[in-house]
Amino acid sequence: MATVKTNTDVFEKAWEGFKGTDWKDRASISRFVQDNYTPYDGDESFLAGPTERSLHIKKVVEETKAHYEETRFPMDTRITSIADIPAGYIDKENELIFGIQNDELFKLNFMPKGGIRMAETALKEHGYEPDPAVHEIFTKYATTVNDGIFRAYTSNIRRARHAHTVTGLPDAYSRGRIIGVYARLALYGADYLMQEKVNDWNSIAEIDEESIRLREEINLQYQALGEVVRLGDLYGLDVRKPAMNVKEAIQWINIAFMAVCRVINGAATSLGRVPIVLDIFAERDLARGTFTESEIQEFVDDFVMKLRTVKFARTKAYDELYSGDPTFITTSMAGMGADGRHRVTKMDYRFLNTLDNIGNAPEPNLTVLWSSKLPYPFRHYCMSMSHKHSSIQYEGVTTMAKEGYGEMSCISCCVSPLDPENEDRRHNLQYFGARVNVLKALLTGLNGGYDDVHKDYKVFDVEPIRDEVLDFETVKANFEKALDWLTDTYVDAMNIIHYMTDKYNYEAVQMAFLPTRVKANMGFGICGFSNTVDSLSAIKYATVKPIRDEDGYIYDYETVGNFPRYGEDDDRVDSIAEWLLEAFHTRLARHKLYKDSEATVSLLTITSNVAYSKQTGNSPVHKGVYLNEDGSVNLSKVEFFSPGANPSNKASGGWLQNLNSLKKLDFAHANDGISLTTQVSPKALGKTFDEQVANLVTILDGYFEGGGQHVNLNVMDLKDVYDKIMNGEDVIVRISGYCVNTKYLTKEQKTELTQRVFHEVLSMDDAATDLVNNK
């Protein structure tokens, strides 16, 4: 690792007019922002519309994508790299911001390091044949992450995967959920960052197992920064030095991000806290007269269109879990500073304005860090844009700050907060871990550890429940044993996965844009949450009789009587939800995790709630799958799980009752996110548009200040979108943790989406009042 020399005059010129000094001595976007950002209290009236050039680029992107959807997407068979692939363009003469994922628009990259079988399957499913020479390398000579993982997997893990109790694990593709602070390239340039890595490498004096690994990782990060420089060179851009203006700042960030997208196909490739940094450059340029407002908006529009071109080669099996081809380019904005100042800037408005300028789209995943202390004009603008587009998600900074997520925190993937530059070394990145099916664990435990669908398949050891009527305390004790096995197995899988990922497919280019010494969250997830809670509630408050076959195997349940459901704002059942979340998290937290990670939990399913529903048998509160006589799975009666932390579709609560139930869940036990996806009818919010928007502001203020963490907000009537969704037309909606164009969903996923609750009243109290008044 060679010392890098940079002309100090370059920094003086690049940083002219910027305040503060401590961010100059060691890379820290957080400190730079604190010293330099300008809170904006005004409204959206300053915004500029699209240019003809922007609309032309948009047309090229959309027409190219449509063409490939009718034919096939081009795809590489060569192993991907950051800079050995030539530069690519959309329309070189008309682009303002350069850099795309490959040398051709929408050309898919071949990434075999996660697992050669999955990579080659993606090739074949896209209509291409693998290169025999590459196949030989990765089957005879090179070890993939998938190879390493399955060498180490325990028998418990294999049984859990086979039973679909533990599912969606990142054991054949990049793990994702790591966010580089890509604005570092813009503020400092690659030379500065490379020298900082040299200094960190040289500062390691003691040589032991941990320091040896760290020295190698720093070296890999240093090399990756060199590749980023080479990528810039391909486009005639010298990213060795810092950016001189907002256009270059956007350009440098795009080069850093596209370097990542060229070699890492994680389940999420988030952008981070970019708008507030760009706003500092923009304010300086506006004051200098370097660029006009229209020009700055055009740069943002061009950048966002680049982000919308990112696409990874996925298999059909992967698409079942993450439908609609999401890339999770989550872009976080607004929020609050530790000094009490809000962090809304004009650049936040500009990013949201792209929905109007270049059209509504799922990516980037626009995320507003919400607080009731944000300026009212901004909150009003956000709600009006959600009312119009249904493509923005909201996260509560008050709730997240209590768990140590600082003023420059951002959202990874879907709903998971991270604090990449946290100087206390907490929450810097996440080791992603998909989710486990807690309902299957409950049902399997009742059957003595035999799978709830395949009666002859033993998953784990536990005494079966033989009672004719299920007793709550007996079932709970049985379930706790199932949770012990489930969490132990889950931790083993995660430790193996992340050890092997670091060993065989280390994300050096992302890590190069982070502090050298970091600490990770290890993200564990739950699916089937509401059905599990409701099942326990039914057992406790109603009468639940197991229906057994001649061998005593439980294949169905008879539930008689009323019981409260999660989502109805009833403490009797909401307390069960609180218990389940805490019980799951505390079991995980008592384990030693890879690299001393911190155990976090998410209530999040993406579109995988449909896939998991198809792998789960009957419960006391829903119909699942069962086996035909020939052993095939019968899906004819299946009722789909609700997504994320959503209550069941059978819960009778209105939107406000739903919100109140979720507020009771302790974020301390779910640092990875508590995802609520809401569909609310405009008429439930008021008679006029202004009244509807104002009520949305009030509701989100109350939810987030009362302990809520996340809301996917869709403002729409089912009758207005049902036919469009089912007929495959373009409908942009927020689902569990991301945004999707519904035309890319499967028929089952479209059906599940339209079966969700579309709230036509805010509260069931409102419904009762309307009924009395004959409304």
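Placement of Cβ uses the backbone N, Cα and C atoms for every residue, glycine included.
Residues or ranges marked as domain 'PFL' in Swiss-Prot: 9-626. Annotation comment: Swiss-Prot describes CYS413 as active site, S-acetylcysteine intermediate. Here Swiss-Prot flags CYS414 as active site, cysteine radical intermediate, drawing on similarity to another entry. According to Swiss-Prot, the feature domain 'Glycine radical' maps to 642-762, an assignment based on sequence analysis. Annotated glycine radical per Swiss-Prot: GLY737, in sequence order.
Here the domain 'Glycine radical' (642-762) is broken down by DSSP into helix, strand and coil counts: 54 helix, 20 strand, 47 coil. The Cβ neighbour count for GLY737 (glycine radical), using a 10 Å radius over every protein chain in view, is 29.
According to DSSP, CYS413 (active site, S-acetylcysteine intermediate) is assigned to coil rather than to any helix or strand.
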